[in-house]
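Heads up: the structure comes next, in structure tokens.
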Amino acid sequence: MFERSRFTIDQIDPEVFAAIQQENQRQEDHIELIASENYTSPAVMAAQGSQLTNKYAEGYPGKRYYGGCEYVDIVEQLAIDRVKQLFGAEAANVQPNSGSQANQGVYFAVLKPGDTIMGMSLAEGGHLTHGMALNMSGKWFNVVSYGLNAQEDIDYDALEKLAQEKKPKLIIAGASAFALRIDFERIGKVAKSIGAYFMVDMAHYAGLIAAGVYPNPVPHADFVTTTTHKSLRGPRGGVILMKAEHEKAINSSIFPGIQGGPLMHVIAGKAVAFKEALTPEFKAYQQQVVKNAAVLAETLIARGLRIVSGRTESHVMLVDLRAKNITGKEAERILGEAHLTVNKNAIPNDPEKPFVTSGIRVGSPAMTTRGFKEEEARIVGNLIADVLDNPHDAANIAAVREQVSALTKRFPVYG
């Protein structure tokens, strides 16, 4: 028997407990600006830490390979129903353990090794699972990539021409570092014109889409994949939305195709997050995410920094650092010393190596969860610029860190 009072982390494993406490403090003390990170609610975390972690449930609700699944069936069905309602989807699979596995599930369902796929170039803002050479998608399939035009928007004309020429079996839309709105309807029409499947990976934009502040790809795509964290503010995991005609193929692709027993405690966290996302408060939050990102971009531009594409229409932006004579790697480290957490990121046609880069990626979801609004977004933009204007001055870094501390104390993550 486990006596709850005796089996606490601090008693069983002081080393892990100490690391968790230190990470808790880091999250409170630093302003999180990594666009793919966010803070989940205590309710989501409680679901993930529940006894559902003990239950094996291979299969799907009402059709399991194990007994005793009557309650996890309820949880999974709630997650399915809620995510369908959230995005207006005909069918959904909530079992993928990650966004990458959600993408892999679609590939396994409709492609064979050697088929041609077409996705956005990683070097111009795409994602590694859309055909990067070292990724499974790049090793198993023939990959053709589309990119940006001179205005650093997606070159839709070139995309259409390439699709007509190469006739891919699957066209992929979605990005990991692209700030503008994606015309899913237009790409969907291109796919339809050549008889290709159309998949949208909306992982980075899902929260905005759920709230109606970014275009919804669901009406235009055969498959829509997403993570459940990032802007959606749920647990780390994945989901596939699809047309009803593809539901059987996708379900078979996930189980038994690429996964075994689903993580029921994580699916519970997904269900809770989807319920949160259906509220008016979540819509207001996403509206603020977009407002904060716009102010952040405007502030950085006013301070002499170049934003790739010239603006943001979402939650994310790429900052070109070449004019400051500092690499993304160095900027990430120095901003981190000031308690401003960003990630280095390649910019289009980046001359630096992928682990060095000429840019940083900055996003507003996590700081908005803290309660930051336009005033705080402007302060954060100026603090970033203050660091980058004088990155090797220890006194400057310390002064910025003090201002960050004042902000984080006013806006705790978990009150």
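Glycine is treated like the rest: Cβ placed from N, Cα and C.
What Swiss-Prot says about this one:
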BINDING   Leu122, Gly126, His127, Leu128  (6S)-5,6,7,8-tetrahydrofolate binding site
SITE      His229  site 'Plays an important role in substrate specificity'
MOD_RES   Lys230  N6-(pyridoxal phosphate)lysine
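Here the recorded positions are His127, His229, Lys230, and the one whose Cβ sees the fewest other Cβ atoms within 10 Å is His127.
You'll find the Cα of the residue listed as 'N6-(pyridoxal phosphate)lysine' roughly 17 Å from the Cα of Leu128 ((6S)-5,6,7,8-tetrahydrofolate binding site). Other residues of the chain with a Cβ within 8 Å of the Cβ centroid of Leu122, Gly126, His127, Leu128, the (6S)-5,6,7,8-tetrahydrofolate site, are Gly119, Met120, Ser121, Gly125, Thr129, His130, Gly131, Met132, Asn135, Ala175, Ser176.
Counting only the Cα atoms, the space from Gly126 ((6S)-5,6,7,8-tetrahydrofolate binding site) to His229 (site 'Plays an important role in substrate specificity') is about 18 angstrom. Between the binding-site residues Leu122, Leu128, the minimum number of other C-beta atoms within 10 Å of a residue's C-beta occurs at Leu128. Here the Cβ of Gly126 ((6S)-5,6,7,8-tetrahydrofolate binding site) has 24 other Cβ atoms within 10 Å, regardless of which shown protein chain they belong to. Rounded to a whole number, the C-alpha distance linking His229 (site 'Plays an important role in substrate specificity') with His127 ((6S)-5,6,7,8-tetrahydrofolate binding site) is 16 angstrom.
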